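A.B. asks: My structure is below; once you've seen it, I'll send some questions.
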Amino acid sequence: MKQAVIVDCIRTPMGRSKAGVFRNVRAETLSAELMKALLIRNPQLDPSLIEDVIWGCVQQTLEQGFNIARNASLLAGIPKTAGAVTVNRLCGSSMDAIHQAARAIMTGMGDTFIIGGVEHMGHVPMNHGVDFHPGLANRVAKASGMMGLTAEMLGKMHGISREQQDAFAVRSHQRAHAATVEGRFAKEIWAMEGHDANGALIKVMHDEVIRPETTMESLAGLRPVFDPANGTVTAGTSSALSDGASAMLVMEESKARALGLPIRARIRSMAVAGCDAAIMGYGPVPATQKALARAGLTVADLDVIELNEAFAAQSLPCVKDLGLQDVVEEKINLNGGAIALGHPLGCSGARISTTLINLMEEKDATIGLATMCIGLGQGIATVFERV
């Protein structure tokens, strides 16, 4: 079977969804600029070799509708001979794009793919036009479509306290701020045009969403937002609403080597798994277990881990049940996570994978895991191996 590898991976800065730096920039533009950037950064690659553009996006309507993958690839000047498809596995969409490209490569159905994802949550709100089937309540808990309440349920089931959640959120902001100040995001961020608070055109080079001033004291003053009477989950311990895109160049290994392109990581294994929709945030546990089994590995073999921080109340039970409580500081979300950076839904899978690969290089690590929960009860996981 052929081997799929990551040749390059980048992302936009993360912009705030409310009056943020990308308020006048469309989702197609964020996407197209990254597609162009991959070609600029890898001049050995003839664009005519691209088999397909596979792009994750959850809210496929308004500017993100009508196959945003194709719209963005045409904007980017990708040859018209390349295909383009938009995929939707909710929060796991752009990680699913990685998996789709890898499966195609492994089965000989192409050797060069641009993948990624986008979500402009400022322009297309996450609940825009959502209309659940009334009969769904006969199969799953009525609150299963309300992500914050599923986090509340998972946190209660695992005894996660408000203080534990607040501490996890503070860590996320502190780590992300330190990564910014120390230049550790520089290799993964592709600067984009945006607008400052006064409307002036600027080059955006850093994430806008991080709040370095976050403390236990400031978070303690926030009220529970999803279950005001009995809850513990606040806006401060939930992933921020943000606008952003991420992208990767995924190739068949021998093809990349023949072109003299760098190989930053191999895709060692992949998995998706389902769980109860009422505790959708638990999905990373079965997905990770499945991916590790397919790779012949255990959690002890993992050097670096990116676990998408949808909610602190969701992340901490996953850490616990994967047996990772003792290695959080050494291995998990070392540059912060979605609580600090935001979770632009269709973007996040390739975003956390990009951050992971850069961390693996920085730490000289061999095996890394990127995993995330998915609304309505799924998880997705990818094991990467540095060459």
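Cβ atoms here come from the backbone N, Cα and C positions, even for glycine.
Here Swiss-Prot flags C91 as active site, acyl-thioester intermediate, drawing on sequence analysis. Swiss-Prot lists H343, C373 with the feature active site, proton acceptor, giving sequence analysis as the kind of evidence.
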A.B. asks: Return the residues near H343 (active site, proton acceptor), defined as same-chain residues 6+ apart in sequence whose C-beta is under 8 angstroms from its C-beta, sorted by sequence, else 'none'.
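C.D. replies: Same-chain residues close to H343 (active site, proton acceptor) (Cβ under 8 Å, separated by 6 or more) are C91, S239, A240, L241, S242, N308, E309, A310.
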A.B. asks: Using Cβ atoms only, which residues of the same chain lie under 8 Å from C373 (active site, proton acceptor) while being at least 6 residues apart in sequence?
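C.D. replies: Listed in sequence order: C91, M280, G281, Y282, G283, P284, N308, A310, Q314, C318, G379.
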A.B. asks: Using DSSP, would you call the residue listed as 'active site, acyl-thioester intermediate' helix, strand or coil?
C.D. replies: strand
A.B. asks: When a 10 Å sphere is centred on the Cβ of the residue listed as 'active site, acyl-thioester intermediate', how many other Cβ atoms does it contain?
C.D. replies: 33
